[in-house]
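Asker: Quick paste of what TrEMBL says about this protein:
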type     : residues  : note
TRANSMEM : B:6-26    : transmembrane segment
TRANSMEM : B:47-67   : transmembrane segment
TRANSMEM : B:126-144 : transmembrane segment
TRANSMEM : B:164-182 : transmembrane segment
TRANSMEM : B:194-213 : transmembrane segment
TRANSMEM : B:247-265 : transmembrane segment
TRANSMEM : B:286-308 : transmembrane segment
TRANSMEM : B:335-364 : transmembrane segment
TRANSMEM : B:385-404 : transmembrane segment
TRANSMEM : B:410-432 : transmembrane segment
TRANSMEM : B:439-457 : transmembrane segment
TRANSMEM : B:487-508 : transmembrane segment
Amino acid sequence: MAEPERPRTDRSPWNWLLLVPIVVPLLTFLYNHDEPRLAGFPLFYWLQLAFILLGVGTTTLVYQMTKRNRGRS
Amino acid sequence: MSDHITEIVIFTILFLVVSGMGFVASRWRAPQDMAHLDEWGLGGRSFGGWITWFLVGGDLYTAYTFVAVPALMFGAGAAGFFAVPYTVIIYPLFFLILIRLWSVSHRHGFVTPADFVRTRFDSPTLALVVAITGIMATMPYIALQLIGIEAVLKTMGVTGESALARHLPIIIAFAILAAYTYQSGLRAPALIAFVKDTLIYIVILVAVLWLPYKLGGWNAIFDAADAKFQASPAPNDGILLNANNQVQYITLALGSALALFLYPHSITGVLASRNRGVIKRNMSALPAYSLLLGLIALLGYMAIAAGVKPLPGAKPGTVDSNTVVPILFDQQFPAWFTGVAFAAIGIGALVPAAIMSIAAANLFTRNIYKEYLRKDATHAQEANVAKITSLVVKIGAVACIVFLDPQFSIDLQLIGGVIILQTAPSVVLGLYTRWLHRGALVAGWVAGMALGAWMLWQIPNAATGRKHFGGSAFPLSEFGFDSTRTIYVGFVAVLANALVAVLVTLALRAAKVAEGVDGTVPDDYLADEGDPRIERERAGTVDNISST
């Protein structure tokens, strides 16, 4: 797809989403508890492991939404 | 020693296979001309998604991490689990930063973060400061990889009476590593990383499925850990955080995350990738290693549940808690599988050690040799100096372990994390703004280094009875706060660094001190593979690209 020459930018409102997986893992009050346990894991452990999925989901979403649709130049 | 003969045989075979791959790697994706730092030191800047994933994954999650994190969980409990939030935060935090660094480095042919700082701030001095910080932070990190191998060798009973006999296997291993890194450059760890990580993933998946079954389930494992920490007199251990160590937990996670991609070896892995898309996709794919690390951390609790007793340390009366995971495997698994697991840890040490020595060599070559010793060095001379430097660096790391107390390397690595953070204002903020003055960045660096060193010096360790360098958790009461909480040293030091940089910038600007000329333009930070400007230069004179 031929695109007219315009100044490139890597700014996007989607990038703000990246703050979510940076801030959430730092909120100890969310996960510093034993109950409820999941498959024997105290909340502290399973919820923090679940934050990995939150991180992956967010970076994937931001990547897809900000991908430049440029043809080979 | 005979009890461990199967383990030793399997360990040795896998080690030799991998060493062979290291030498063959120089012919893998072979360039026309290896005598160029882009080829030896950055693998031709051509790695795609998969290679980058294995390379950077093998680079960031080192053998030492795999041994030390469960050891920390074994000893202190929940506080050791900071490794998980730490490795979650890294990727969203650096998602935008790394692609800018990649783009500007691609267009200007930068090999190191110091190259960037030099051009951006027109200051060889600031670049020197960044380069020296990088080398200082990396050297002990390489030495620590040896501690990872040593923990395994110790468990297999490969020890001797004299210091030399005890260290002989490590010296041989590092000599082989040094030889193939010299020959193949970054291609060697990139190729070996495939084997290392495949082994690690298999070993850990088997361990986390099999061990809980054998030890009575996850409930029983966590309860055993809880019981151990309840019984221990130490105030800050437990399977949950307490009121005192929560600030430490989050500042350590955040500070470590910010530091990780400032380490020269991480940046080397990133700059070796082919384009921006490879980096962005890897920010979503690399967390697979974080999950692995989280599961590995829990091996520390499994060791508690299995009643593992760590081997004695170097000094009488101490224990070497780094041996808990090797011993857990030795006790719970058949010898052949333990051999594979030990090989995974041993090879796991080689990949980062190789990349770190290459990164340190790149820094020396580009920012000290070419800048101060030989300004007109050709590409071939640069590559040659880097190869020799990588040998020197490895000899230095081995010497650290053989001749000095290993504790010294651990202390240095603790300091390394704090000091590498002090390059953040120049490198990270520099990618976004040139507002900070080059002189102010040097002043901020000095302030951050001094404060960080002082704080680390002040921290005692009650468990080992040491007065200084007892950890990275600084008691807020030392600052005069009425509190028993602690905070991560690096975090405070980098805040002080940034504050000084801002204040001195205002002062220098008021005094109209020259700021130098920015060698980059805004569009540089957005360039991608196949960039028309670079293609034009390539078609014209080949040499212009990387001589800045």
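Backbone N, Cα and C atoms are what each Cβ position is placed from, and that goes for glycine too.
Automatic prediction, not curation, is the source of TrEMBL annotations.
Walk me through where these features lie, including what they touch and how far apart they are.
Answerer: Under 8 Å from some Cβ of the transmembrane segment (B:126-144) lie the Cβ atoms of residues 62, 64, 112-115, 117-118, 263-265, 352-353, 356-357, 359-360, 363-364, 366-368, 371-372, 393-394, 396-398, 400-401, 409-410, 412-413, 415-417, 419-420, 422-423, 426-427, 438, 441-442, 445, 449, all in the same chain and six or more residues away from its ends.
The list of residues near the transmembrane segment (B:194-213) in space but at least 6 beyond its ends in sequence, with Cβ under 8 angstroms from a Cβ of it, reads 14, 17-18, 21, 54, 57-58, 66, 221, 292, 295-296, 298-299, 302, 306, 328-329, 332-333, 337, 340-341, 343-344, 347-348, 350-351.
Through the fold, the transmembrane segment (B:247-265) approaches residues 59-60, 78-79, 82, 85-87, 89-90, 93-94, 97-98, 112-113, 134-135, 137-138, 141, 241, 352, 355-356, 358-360, 362-363, 417, 420-421, 423-424, 427-428, 472-473, 476, 485-488, 490-491, 494 of its own chain, all at least 6 residues removed from its boundaries and within a Cβ separation under 8 Å.
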Asker: When only pairs 6 or more apart in sequence are counted, do the transmembrane segment (B:6-26) and the transmembrane segment (B:164-182) reach 3 or more Cβ pairs under 8 Å?
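Answerer: Counting Cβ pairs under 8 Å, at least 3, so yes.
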Asker: For the transmembrane segment (B:335-364), which stretch among B:47-67, B:164-182, B:286-308, B:410-432, B:487-508 has the most Cβ pairs under 8 A?
Answerer: B:47-67
Asker: Taking a Cβ cut-off under 8 Å, which residues six or more beyond the ends of the transmembrane segment (B:410-432) line up next to it in the same chain?
Answerer: 97, 100-101, 104, 113, 116-117, 120-121, 126, 129-130, 133-134, 136-141, 143-144, 147, 255-256, 258-259, 262-263, 441, 444-445, 448-449, 452-453, 456, 469, 471-472, 489-491, 493-494, 497-498, 501, 525
Asker: Tally Cβ pairs under 8 Å between the transmembrane segment (B:164-182) and each listed stretch (B:47-67, B:286-308, B:385-404), then give the stretch with the top tally.
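Answerer: Looking only at B:47-67, B:286-308, B:385-404, the most contacts with the transmembrane segment (B:164-182) come from B:385-404.
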